[in-house]
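Engineer: As annotated by TrEMBL, (6S)-NADPHX binding site applies to Ala40, His152, Asp216. The feature AMP binding site is assigned by TrEMBL to Lys186, Gly187, Pro188, Ala189, Thr190, Gly215. The feature domain 'YjeF C-terminal' is assigned by TrEMBL to 5-270.
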Amino acid sequence: MTDHALPDWRDALPWPSVDTHKHRRGRLGVVSGKATQTGAARLAARAGLRIGAGVVRILCPPDAAPVIAPAIEAIMLTAFTGSETLFEAAEGMDAVVVGPAAGVNDATVINIHALAETGAALVIDADGLTAFEHRAADLFQVLDRDDVLTPHEGEFKRLFPGLLDLGREEAARIASERARAVVVLKGPATVIAAPDGRVAVNDNGTPWLATAGSGDVLAGMIGGLIAQRMDSFDSARAAVWMHAEAARGFGPGLIAEDLPERLPGVLAALYAQAAT
Ligand SMILES: NC(=O)C1=CN([C@@H]2O[C@H](COP(=O)(O)OP(=O)(O)OC[C@H]3O[C@@H](n4cnc5c(N)ncnc54)[C@H](OP(=O)(O)O)[C@@H]3O)[C@@H](O)[C@H]2O)[C@@H](O)CC1
Ligand SMILES: Nc1ncnc2c1ncn2[C@@H]1O[C@H](COP(=O)(O)OP(=O)(O)O)[C@@H](O)[C@H]1O
């Protein structure tokens with residue numbers, strides 16, 4: 001089943017009820033890289049907050065804390081020293097984004113294994129995917145259908161060598177089945193596939209998104225929607241569409257920092273339509 005008619009997910013968007021509070025609106029964690037590589041996590045965290053998660057916390061190595069602390073306000077921060085303390089910090093979270101600027105190394109692999117034990121839905125991007133090159137089965141065995149992988153084509157080839165020869169839609173469908181998780185194959189026409197066979201092709205992409213950090217923002221948006229308990233496949237479809245809509249609304253000169261700031265406008269338009 002291929003769906004070209006987005007956005008039919010609009011009715012599934014998580015609008016807050018009158019009796020909600022910030023914890024009920026969803027707790028999102030974002031794992032940061034080391035001190036010199038904290039921007040990606042801050043972009044993802046801000047996007048997660050803008051898309052409505054009630055509480056967003058960056059989890060960082062100790063050396064990164066003094067860099068991140070002066071650069072955040074509503075977003076909270078907890079340092080972790082290894083996979084055990086990362087597990088403790090992430091317990092109770094609804095969703096965790098991991099991978100942006102995490103480092104392609106064993107620590108990233110071990111951290112993802114620890115996060116998979118927390119029960120939070122994982123959104124795994126960038127280095128969190130590349131770190132499993134040549135050992136993809138190690139990743140797939142800890143995933144479940146709520147988790148989301150967000151590879152660009154380079155990352156996709158590292159986890160699923162040869163699969164792209166079948167075409168992007170078929171490749172994403174098979175990848176999702178193999179990984180037992182939602183797969184978001186990014187690009188001009190991003191393909192979103194779920195392990196139950198659902199496949200959607202996003203139709204509002206724009207090349208203004210080809211700018212450093214825009215994928216980190218997307219990962220944060222997906223995590224922010226999942227934290228609000230939207231189905232992971234719908235979260236991915238909705239985030240991909242809103243991400244592109246935000247970029248289209250900005251146009252020339254867009255940088256990744258602009259995307260979270262355009263989200264209120266995109267959300268407001270969807271909210272108005274949902275209310276009619
Ligand atoms: N502000 C920050 O802190 C930011 C931090 N960031 C962090 O930086 C790290 C590196 O991220 P990355 O994406 O550049 O790295 P990675 O995939 O290892 O290598 C790129 C190679 O893959 C290939 N390639 C093939 N298809 C491709 C495609 N569709 N899109 C892109 N590449 C494609 C291509 O090779 P080519 O095809 O040109 O031979 C290219 O040379 C990572 O930790 C990330 O999280 C970024 O998020 C930016 C903002
Ligand atoms: N030519 C393009 N047309 C439409 N969208 C694009 C294009 N190039 C990149 N994108 C989008 O921009 C984002 C880039 O993500 P990614 O490659 O992970 O970048 P980064 O690692 O710098 O954050 C993805 O959402 C992708 O779909």
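Quick reminder: no glycine exception, Cβ is built from N, Cα and C everywhere.
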Engineer: Anything within 10 Å of Gly187 (AMP binding site)? Look among the binding-site residues Ala40, His152, Asp216, comparing CA atoms, and list what you find.
Structural biologist: His152
Engineer: Rounded to an integer, what is the Cα-Cα distance in Å between Ala40 ((6S)-NADPHX binding site) and Thr190 (AMP binding site)?
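Structural biologist: Each residue's Cα considered, Ala40 ((6S)-NADPHX binding site) and Thr190 (AMP binding site) end up 20 Å apart.
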Engineer: Would you list, in sequence order, the residues of this chain other than Ala40, His152, Asp216 that have their CB within 8 A of the centroid of the site's CB atoms, where the site is the one recorded for (6S)-NADPHX?
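Structural biologist: Near the (6S)-NADPHX site, beyond Ala40, His152, Asp216, sit Leu43, Ala44, Gly99, Pro100, Ala101, Asp125, Ala126, Ala212, Gly213, Ser214, Gly215, Val217, Leu218, Ala219.
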Engineer: Based on Cα distances to Asp216 ((6S)-NADPHX binding site), point out the closest of the binding-site residues Lys186, Pro188, Ala189, Thr190.
Structural biologist: Lys186
Engineer: Running a distance check here. Ligand 2 versus the binding-site residues Gly187, Ala189, Gly215: which have CB less than 6 Å from one of its atoms?
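Structural biologist: Once distances to ligand 2 are taken from each Cβ, Gly187, Gly215 fall under 6 Å.
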Engineer: Do me a favour and check the Cα-Cα span between Thr190 (AMP binding site) and His152 ((6S)-NADPHX binding site); whole Å is fine.
Structural biologist: 9
Engineer: Could you tell me which of the binding-site residues His152, Pro188, Ala189, Thr190 have their C-beta within a distance under 6 angstroms of some atom of ligand 1?
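Structural biologist: Correct list: His152.
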Engineer: Counting across all protein chains shown, how many other Cβ atoms sit within 10 Å of the Cβ of Asp216 ((6S)-NADPHX binding site)?
Structural biologist: 28
Engineer: Determine, to the nearest whole angstrom, how far the Cα atom of Lys186 (AMP binding site) is from the Cα atom of His152 ((6S)-NADPHX binding site).
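Structural biologist: With the alpha carbons as reference points, the distance is 5 Å.
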